[in-house]
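S.K.: Take this structure first; my questions come after.
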Amino acid sequence: YKLSVSPEMDIMEYCRKEWRGNTPVAKRMRKGYEAVAQKFASIRRIRGDNYCAFRATLFQALSQATQLPRWLQSEDFTMLPENLLSKYDWIKQWQLKQKPGKKMGEISDEIKEYLILLRKKWKNISEIKDPLEKQEACDKLFKNEEEEYSLYEALKFLMLNTAIELYNADKSGRRVPVFSWLLFARDTSSNPCQLMHNHLNHIGHSGGLEQVEMFLLAYALQYTIQVYRLYKYSTDEFITLYPNDLEEDWPVVTLITEDDRHYNIPVRMCQETML
């Protein structure tokens with residue numbers, strides 16, 4: 001059984017193990033890790049399936065959660081699947097993660113269940129005051145495969161909802177963030193229905209999140225996702241923010257990637273950075 005989030009390890013030790021050679025790439029990676037090590041002491045490896053961007057982001061968000069986000073508190077949050085299905089018949093083709101031995105019910109009931117689970121877990125973990133206990137609760141959640149994958153289904157559905165909101169806002173002439181134009185400028189996702197069929201339905205199965213979808217995830221969660229992109233070390237894209245126009249009151253989570261495909265997480269901020 002593979003751990004979803006492995007125990008922490010010293011960042012520079014990890015780097016030395018992974019990048020031994022003297023190739024230009026290895027040198028650049030080492031420099032990148034050195035820069036991250038100025039801020040963070042350790043790294044935790046994230047299980048490398050096609051959910052790793054979700055896993056890394058959600059793990060970081062829950063690890064530092066001290067309250068339930070506003071959008072999770074709203075009364076009609078769990079009514080989302082019902083409301084959307086009443087307007088958009090095509091959502092019935094949403095690809096649910098088939099759970100072995102479980103009969104699939106109504107799609108809206110299934111997704112509602114995932115959304116309720118997301119709210120419950122977020123609430124429980126954010127109420128834990130002791131940092132060690134909070135960390136243990138996160139570790140425990142990410143060892144429960146059934147629950148973990150249900151949470152990713154909830155995140156995917158929230159991304160679809162956000163995409164629909166942005167698409168409709170743009171169509172009615174309201175201002176939308178630039179990434180939203182890029183999202184719907186792709187041949188494969190010129191509207192939310194195509195986005196669902198060609199992208200969201202495949203996340204976790206045959207593909208991970210593309211760059212533009214990292215923005216969508218950030219908007220869905222109302223979190224700023226800060227990513228150290230190690231292969232971009234010494235360029236102005238080394239630290240990339242999704243969204244890049246910083247939202248004042250959004251919390252920030254930090255991830256590390258070597259290639260924009262797989263994400264790990266830095267942990268334990270160095271003391272001087274915290275001051």
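Here the Cβ of each residue, glycine as well, is placed from N, Cα and C on the backbone.
Automated prediction, rather than curation, is the source of TrEMBL annotations.
Quick paste of what TrEMBL says about this protein:
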ACT_SITE  Asp49  active site
ACT_SITE  Cys52  active site, nucleophile
SITE      Glu237  site 'Linear diubiquitin binding'
ACT_SITE  His262  active site
S.K.: Please identify, from the recorded positions Asp49, Glu237, the residue with the sparsest Cβ neighbourhood, meaning fewest other Cβ atoms within 10 angstroms.
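M.R.: Per-residue Cβ counts within 10 Å for the recorded positions Asp49, Glu237 bottom out at Glu237.
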S.K.: Counting every protein chain present, what is the number of Cβ atoms, excluding its own, within 10 Å of the Cβ of the residue listed as 'active site, nucleophile'?
M.R.: 22
S.K.: Provide, as an integer number of angstrom, the distance between the C-alpha atoms of Asp49 (active site) and His262 (active site).
M.R.: 8
S.K.: Measuring Cα to Cα, tell me the gap between Cys52 (active site, nucleophile) and Glu237 (site 'Linear diubiquitin binding') in whole angstrom.
M.R.: 21
S.K.: Can you name the residues of this chain that are 6 or more positions from His262 (active site) yet have a C-beta less than 8 Å from its C-beta?
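M.R.: Within the chain, His262 (active site) has Cβ neighbours under 8 Å at Ile46, Gly48, Cys52, Gly208.
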